[in-house]
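Q: Copied straight from Swiss-Prot:
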type    : residues           : note
BINDING : C6, C8, C22, C25   : divalent metal cation 1 binding site
BINDING : C8, C14, C16, C27  : divalent metal cation 2 binding site
BINDING : C16, C20, C25, C30 : divalent metal cation 3 binding site
BINDING : C34, C35, C45, C49 : divalent metal cation 4 binding site
BINDING : C35, C37, C38, C51 : divalent metal cation 5 binding site
BINDING : C38, C42, C45, C61 : divalent metal cation 6 binding site
BINDING : C51, C58, C60, C61 : divalent metal cation 7 binding site
Amino acid sequence: MDPGECTCMSGGICICGDNCKCTTCSCKTCRKSCCPCCPPGCAKCARGCICKGGSDKCSCCP
């Protein structure tokens, strides 16, 4: 499967795993993978967030 595509658009469990790069993915398990700069413990990370500061800080997390 192309890592840019995701078959899970309605939430729930997903087969994309850590390779999910899709911005329209609704899978709970893909949320962090779609924002690589988000710290592992951040619960506020959202899909489509912006990485700033050299991709080491997420716009959704403090």
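Heads up, the Cβ atoms here are built off N, Cα and C, so glycines get one too.
Are these features on the surface or tucked inside, and what are their neighbours?
A: The secondary structure of C51 (divalent metal cation 5 binding site), as reduced to three states from DSSP, is extended strand.
DSSP assigns C61 (divalent metal cation 6 binding site) to coil in the three-state reduction, outside any helix or strand.
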Q: From the Cα of C58 (divalent metal cation 7 binding site) across to the Cα of C38 (divalent metal cation 5 binding site), what is the distance in angstrom?
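A: One finds 5 Å between the Cα atoms of these residues.
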Q: Here's one to test understanding: among the binding-site residues C49, C58, C60, C61, whose C-alpha is closest in space to the C-alpha of C37 (divalent metal cation 5 binding site)?
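A: Comparing Cα positions, the candidate nearest C37 (divalent metal cation 5 binding site) turns out to be C58.
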